[in-house]
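The structure appears right after this line, and notes come after that.
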Amino acid sequence: MKKWWFNSMLSKKELEHGCGLSKSMDSLGPIENTSTKEDPSLNDPEKQIHSSRNSESSSYSNVNHLVRGIDIQNFISDDTFLLIDTKGDSYSIYFDIENQIFEIDNDHSFLSKLQSSFSNYWNSSYLNSRSKNGDTYNGHSLYYTNDSWNNHINNCIDSYLHSQIRSDSSILSGNDSYILSYIFNESGNRSESFSKRSITNGSNLTRRESSHNLDVTQKYRHLWVQCESCYALNYKKLLKSKMGICEQCGYHLKISSSDRIELLIDPGTWNPMDDDMVSMDPIGFHSEEEAYKDRIDSYQIKTGLTEAVQTGIGQLNGIPVAIGVMDFQFMGGSMGSVVGEKITRLIEYASNKFIPLIIVCASGGARMQEGSLSLMQMAKISSVLYDYQSNKKLFYVSILTSPTTGGVTASFGMLGDIIIAEPNAYIAFAGKRVIEQTLNKTVPEGSQAAEFLFHKGLFDPIVPRNLLKGVLSELFELHAFFPLNQNKGED
């Protein structure tokens, strides 16, 4: 493994020039290799680092000598880049493309020091002279605030990494990868340690943080939940009282089936059904990584559930209801034979008792470890729903949460008399990655979101989580299902 030394004071133009980025740094095209001959100073580390350590003035010549004279593909094959400021503080980036590793040693003092150095350099007479000659970066503004400086650093690394990764498509394949880490210090103030967006042809690139950051992240993990949309951190103890809704942007985070039951069902009225029913690996599914039975056991320990759905009877504002709630935390909410059987028995019970039915969907689809048996659950549940709705003339409400995909979407998820979706829920039959890999077509962004599908007529209302219980209560009363105490008062 090699180690390279960079002077830290780089303008965007110089990084483009020194690294051979002939295109805009904001574009995501491949880096073009330069044809400059190798400089002898590349083989002499002392020559590479003298200007950054022995001079307080800015210098970029080492970067030009370093990068332009070597093959850019091999440049980050297995190298550690050590960026140092004028005071000698270091900041290292380790690349190993072959083993798909990108490791950053985060130094909290680095960005602030680098920002100060960059500001001085940006206003230097050399850069001003280049501006007078018209040598500016695509006419972009030369004024940088604190936020734009962070964005500038992130964009430079984004473009550079993306170009390198795309040049070797045999290594990576898959979807976009978004990585963002937040660290909390002892006083509880948030500091964004580093942010980057790696848009690649693959999702297998991993980022390893320094051991210090991992320790801090693990230390505060039990206190905070990060929003999937705005990346804000929500205090975990308060998040439950807010029904799992991000207080910064209003995004509906995933919540457990138990939390959802607590949200919808009146306290003290929940009576679970068939909670002792477990899968017995009906087809003897073989896996080299982990046996199916062992995987079931591990998820049971992790979630405290026996399967990916909870079913039972309860009251919603005094109205008796049969409710099934799927839990995405248990094997992605996948539908196996036990899940199908529990939902089938719930529907049959609701038919016999003439009570309304609610099923909250959160699933990746049929469970592959049970083969055709899991697929048959689609037909079994649909047939018993036909009897419940068409013959008994009873009322079924389907609630689609994020994500609802595959066999659940193709069966009982879309069979409700009223189909309700949560805001920004991901609802689809085939996932985006599957469609793109199968048809070689790009799926438009947001085309599988609830708001887009609502305008296509796929379901009825989009109801925020905090209003859901009231909406369901009004729907039931509209269909002549009234609270028990109200019926007794009328008698």
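Yeah, the Cβs are placed from backbone N, Cα and C, and that goes for glycine too.
Since the structure is predicted, the reported quantities are computational estimates derived from the model, not experimental observations.
CYS249 (Zn(2+) binding site) carries neither a helix nor a strand DSSP state and counts as coil. Spatially close to CYS249 (Zn(2+) binding site) yet at least six residues away along the chain are CYS227, SER229, CYS230, ALA232, judged by Cβ distances under 8 angstroms. Annotation comment: Swiss-Prot describes CYS227, CYS230, CYS246, CYS249 as Zn(2+) binding site.
The compositional bias 'Basic and acidic residues' feature in Swiss-Prot is assigned to 35-49.
Sequence annotations record features per position, and here Swiss-Prot assigns domain 'CoA carboxyltransferase N-terminal' to 223-491.
Sequence annotations record features per position, and here Swiss-Prot assigns region 'Disordered' to 26-59.
Positions annotated as zinc finger by Swiss-Prot: 227-249.
Averaged across the domain 'CoA carboxyltransferase N-terminal' (223-491), the predicted model reaches a pLDDT of 93. Comparing the binding-site residues CYS227, CYS230 on other C-beta atoms within 10 angstroms of each C-beta gives the minimum for CYS230. Each of GLU228, SER229, TYR231, ALA232, ASN234, GLU247, GLN248, GLY250, TYR251 belongs to the same chain as CYS227, CYS230, CYS246, CYS249, is absent from that list, and has a C-beta within 8 angstroms of the C-beta centroid marking the Zn(2+) site.
In the three-state DSSP scheme, CYS227 (Zn(2+) binding site) falls into the coil class. Counting every protein chain shown, the Cβ of CYS246 (Zn(2+) binding site) has 21 other Cβ atoms within 10 Å.
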